[in-house]
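Presented below is the structure to which this report refers.
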Amino acid sequence: MTKRLALFSYGLILSAVIGVIAALFLIIENLLSELVWMTNNQLLQILLVAVGGFILYFLLKKWPDLPKTAHDSIVELKTSQTIDYQDVFVNLLITLVILTFGAGVGPEAALLSAIISLSIWQADNLRYLYFHYDELKQLQFNERMKRLFNPFAFRQKYDREIAPKAIKIVRQKKLLYGIFTLNGVISFGLLLRQTDQPSFVTKLGQTNWNVRQIWIVPILMILGIAFARICKLVYRFFTERMSKISFSLPTKVAVGTLGIICIVLLEPELLFSGQHSLHLLVSDWSQKTALFLIGMAILKLIFLSWCLNFNWRGGDIFPLTFAAMILGFAAAQLLPNFDKLLVVAVVATTVLSEMVSPIIGGIFLIFFFPIQLWVVILLVAGLLYFFNKKVLS
């Protein structure tokens with residue numbers, strides 16, 4: 001086997017492992033959530049949330065800096081040119097506890113952090129094979145496999161001094177990592193499909209919008225921007241206030257647990273991230289009043305900020321998407337003479353673009369809407385991108 005073929009084969013195996021780990025995380029999270037929440041008895045649900053709070057406290061007591069988010073991993077990578085990936089499974093374990101027991105956060109933050117960490121792990125292992133290929137060839141097959149598939153013992157950290165700098169090799173490296181990324185995504189998708197996992201995307205119906213209704217778009221955008229910026233100001237104020245209060249770890253976890261219990265009592269449909277609750281908007285909540293929907297959106301945002309500030313941390317993209325969609329349907333209830341999905345698309349894209357980023361708001365939301373609305377969603381996201389860029393500059 002040539003060195004190139006060995007690197008290619010090894011990279012395919014490692015990238016498939018990363019994809020499988022990511023898929024298994026979501027599969028286990030779904031299974032545990034169904035197991036914990038299979039009862040409709042509120043008293044038992046409250047008891048289970050309390051148990052989850054105790055488990056989370058003991059885990060955070062031992063690993064206080066976890067769970068990591070994708071942002072944490074990127075900052076660590078930029079600072080030290082590498083990542084300590086030996087805590088990746090503990091990070092996923094703590095996130096599993098947070099998600100399983102009903103916190104209003106998403107899996108994407110810890111999952112992306114794990115993928116970034118494991119990608120560095122993959123690169124270190126490939127680097128070890130690259131620089132020790134001749135040495136490994138001299139070993140017996142069993143010993144060679146032990147070294148290559150030992151998770152942490154045989155690695156080669158990035159070293160700028162010895163890293164290949166030839167343009168041809170750098171290009172080949174970029175091409176290989178592109179192939180490995182695609183291979184990991186395919187492995188991830190295949191395992192989720194083979195195990196019949198629920199889709200991340202809920203189709204919201206059909207649209208009949210026309211250009212005569214386009215004049216409502218800037219008005220909806222202005223209202224969406226105003227709402228999102230008010231929410232950001234309130235969240236920043238709340239976070240700053242909470243950061244000035246010196247809570248002990250058990251107090252923070254307990255307060256976060258009480259927040260989840262309140263949602264159990266008030267509106268259980270707002271538990272979890274919201275990624276599997278979007279169907280409510282086209283079923284049980286489709287006939288609800290605009291006031292009810294606005295209340296649910298605000299409550300979802302309060303629940304998210306509560307969890308993030310009291311150690312039930314996780315991703316915010318799915319919860320914010322759910323809240324933005326609820327607001328969109330509330331606006332559509334107030335504007336019955338306009339195409340419902342046009343109103344929903346503009347409001348949701350505006351709010352999500354302001355709260356997260358126009359890139360995520362534009363690209364992520366198109367999967368929920370009919371193709372006829374993609375141009376509207378991308379136009380709204382594009383306008384907000386250039387507007388924010390100009391304001392910031």
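Backbone N, Cα and C define each Cβ position, glycine as well.
Residues or ranges marked as transmembrane segment in TrEMBL: 7-28 (among others).
Positions annotated as transmembrane segment by TrEMBL: 43-60 (among others).
Residues annotated as transmembrane segment in TrEMBL: 88-105 (among others). Sequence-distant contacts of the transmembrane segment (88-105), counting only residues of its own chain at least 6 positions beyond either end whose CB sits under 8 Å from a CB of the stretch, comprise 25, 28-29, 32-33, 36-37, 48-49, 51-53, 55-56, 59-60, 63, 66-68, 111, 113-114, 117-118, 121, 256, 260, 263-264, 270-274, 300, 303-304, 306-308, 312-316, 319.
What TrEMBL records for 111-130 (among others) is transmembrane segment.
Residues annotated as transmembrane segment in TrEMBL: 175-194 (among others).
According to TrEMBL, the feature transmembrane segment maps to 214-235 (among others).
Residues 42, 45-46, 49-50, 52-53, 56-57, 60-61, 64, 101-104, 299, 303, 306-307, 309-312 of the same chain lie 6 or more positions beyond the ends of the transmembrane segment (247-266) yet place their CB under 8 Å from a CB of it. TrEMBL lists 247-266 (among others) with the feature transmembrane segment.
Taken from TrEMBL, the feature transmembrane segment covers 290-310 (among others).
According to TrEMBL, the transmembrane segment annotation covers 317-335 (among others). Same-chain residues lying 6+ beyond the ends of the transmembrane segment (317-335) with a Cβ under 8 Å from its Cβ atoms: 104-108, 204, 216, 220, 223-224, 227, 273-275, 277-278, 281, 285-286, 288-291, 293-294, 296-297, 300-301, 303-304, 341, 343-349, 351-352, 355-356, 360, 364-365, 368.
The transmembrane segment annotation in TrEMBL covers 355-387 (among others).
Distant neighbours of the transmembrane segment (43-60): 36-37, 66, 90, 93-94, 97-98, 100-102, 249-250, 253-254, 256-257, 260-261, 264-265, 268, 311-312; these residues of the same chain sit at least 6 beyond its ends, with a Cβ under 8 Å from one of its Cβ atoms. Within its own chain, the transmembrane segment (175-194) has Cβ neighbours under 8 Å at 7-8, 11-12, 14-16, 18-20, 22-24, 26-27, 115, 122-123, counting only residues six or more beyond its boundaries.
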